[in-house]
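Visitor: Annotations per TrEMBL:
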DOMAIN    120-458  domain 'EccD-like transmembrane'
TRANSMEM  123-140  transmembrane segment
TRANSMEM  146-167  transmembrane segment
TRANSMEM  174-194  transmembrane segment
TRANSMEM  206-224  transmembrane segment
TRANSMEM  231-253  transmembrane segment
TRANSMEM  259-279  transmembrane segment
TRANSMEM  318-337  transmembrane segment
TRANSMEM  343-358  transmembrane segment
TRANSMEM  370-391  transmembrane segment
TRANSMEM  397-414  transmembrane segment
TRANSMEM  435-455  transmembrane segment
Amino acid sequence: MTAVTDPGLCRLTVLAPDGRADFAVPVDTPIFDLLPVLVRRADPDRAHAAAGRGHWVLQRMGDPPLDEEGTPRSLGLRDGEVLHLRPRTAPLPPIDFDDVIDGVRTAVEGRRDNWRPELTRRLFLALGALGLATALAGVVLHPGDVLLRCLTSGALAVALLGGAAAGSRALGDGVVGTLLGVAAVPFALVSGMLLPGAVGVTGAPAMAAGAAFATAAGIIALLATGADTPLFLGIVLTGAATAGGGLLSAVAGLTGAQAAGLVAGVAFLAGVVAPSAAARMVRIRLPQIPTGAGDLGQDVEPVPERTVLAKAARADQLLSAMFVAISVVCVGCFALLVPEPGWAPSTLVGVVSVALLLRSRVLVGAWQRISVAAGGAVGLALLVLGLVAGLAPVARMALVAALVAVAVLLLTGARRLPGRRLLPYWGRAADIAETVSAVAVVPVALAVLDVFSLVRGLAG
């Protein structure tokens with residue numbers, strides 16, 4: 001027997017109580033819709049029962065009846081299989097084993113978690129990743145000569161990039177190439193962070209250098225492997241944002257919190273243009289909205305379906321990578337802003353977190369919605385933890401009790417909200433709240449930068 005191939009037919013032999021017939025059935029048609037035809041052809045004497053689809057079932061010998069909502073493809077039917085058409089009230093009984101050992105063997109072989117050859121590959125990939133992580137920990141965790149550690153990690157990053165190119169291009173193994181390319185990024189990060197330390201410079205310059213090296217490694221890995229562009233795009237965007245924050249602190253004289261506030265604001269606003277940027281990256285030309293009757297005849301040339309679907313799927317992957325990078329950058333900025341004194345840093349964390357949560361509701365991709373919602377939720381969690389640290393014991397316990405109540409409400413929502421259509425005014429209220437929070441990001445970020453204090457000082 002051979003596997004079902006798209007978009008062909010699945011050839012089956014159906015045995016009925018009083019007849020048999022051979023069929024070539026579409027692989028994507030539910031069994032429920034095939035049953036009337038199967039009954040009429042395989043058992044004409046009982047064709048009158050075909051009108052009641054629920055009266056008949058299809059099953060393999062010794063197996064339970066097939067799911068009527070499944071298709072030959074989803075059920076794993078293969079060309080040449082023999083199926084039994086039986087009344088629902090009298091299906092074939094299960095096979096009894098006269099040999100217990102044979103029954104145990106059948107049960108074990110039928111388990112989905114049995115070891116398969118592809119799992120061996122995954123195991124060795126995981127062991128290889130563990131070895132690379134151990135090597136990185138050996139460079140980072142054990143003190144020693146800074147210059148030696150810098151050169152070692154840099155040389156390993158270069159070697160890994162070369163291995164990524166060889167694995168992906170020469171051997172044609174994109175997974176190994178991607179793994180080596182991703183592993184080169186933290187080694188480059190460590191090398192860049194240690195390089196200023198070799199001459200006694202630490203802090204923001206070291207962070208900027210490390211992020212710049214990591215960004216460069218991500219770009220080289222992307223070009224060298226030509227695989228998994230969304231993953232490397234996320235790495236490059238995260239590294240570029242981190243390097244920009246370090247440069248702002250090292251060159252422009254901003255404090256760590258001020259640089260983090262500026263980067264968080266820019267990252268959040270970048271989410272507005274992310275969809276159009278993803279469309280441009282895959283060269284999807286969106287038609288212009290017609291302004292009159294004369295424009296209705298423009299941009300009507302047909303585009304091949306396969307091209308549109310492939311580009312749309314690619315754009316969705318790139319957009320997911322962008323939103324993951326935005327969330328990671330925002331969470332890193334939140335960690336720097338929460339401990340800072342004053343109202344502005346904490347307010348910025350709250351405003352951006354709420355805006356991220358509200359924006360996540362309109363995203364349709366799972367990675368997009370999860371990453372953006374997680375970024376907002378982590379921001380609020382950090383904000384609450386920072387608030388708890390400064391409260392009196394009684395107030396702290398009251399806040400903890402309130403958090404438990406919020407958790408109970410969220411669990412209630414997990415039970416009631418899925419699949420439930422909310423009233424329109426809730427969506428409108430969320431739109432207004434998102435707009436207000438998004439607009440509030442700019443003035444609060446300026447307050448973190450002390451721009452208003454500077455303006456007041458210039459005004460006398």
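Just so it is clear, glycine is given a Cβ too, placed from its N, Cα and C backbone atoms.
Any TrEMBL annotation is an automated prediction that lacks curation.
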Visitor: Counting Cβ pairs under 8 Å that are 6 or more apart in sequence, does the total for the transmembrane segment (174-194) and the transmembrane segment (123-140) reach three or more?
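Guide: They are in contact.
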Visitor: Determine which residues of the chain contact the transmembrane segment (123-140) at the Cβ level, with the cut-off under 8 Å and only residues 6 or more beyond its ends counted.
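Guide: For the transmembrane segment (123-140), the far contacts come to 149, 152-153, 156, 160, 175-176, 179, 183, 186-187, 190.
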Visitor: Are there at least 3 C-beta pairs under 8 angstroms linking the transmembrane segment (206-224) and the transmembrane segment (318-337), leaving out pairs fewer than 6 apart in sequence?
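Guide: Touching, no - the transmembrane segment (318-337) and the transmembrane segment (206-224) miss the threshold of 3 or more Cβ pairs under 8 Å.
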Visitor: Quick check for me: are there 3+ Cβ pairs below 8 Å between the transmembrane segment (259-279) and the transmembrane segment (435-455), leaving out pairs under 6 residues apart?
Guide: yes
Visitor: Below 8 angstroms Cβ to Cβ, which residues of this chain, lying six or more residues outside the transmembrane segment (370-391), approach it?
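Guide: Same-chain contacts beyond the flanks: 271, 320, 323-324, 326-328, 330-331, 334-335, 338-339, 346, 349-350, 352-357, 359-360, 363, 399-400, 403.
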Visitor: Please give the sequence-distant neighbours of the transmembrane segment (231-253): residues at least 6 beyond its ends with Cβ less than 8 Å from one of its Cβ atoms.
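Guide: Non-local partners: 178, 181-182, 185, 189, 203-209, 211-212, 214-215, 218-219, 221-222, 225, 259-260, 262-263, 266-267, 318, 321-322, 324-326, 328-329, 332-333.
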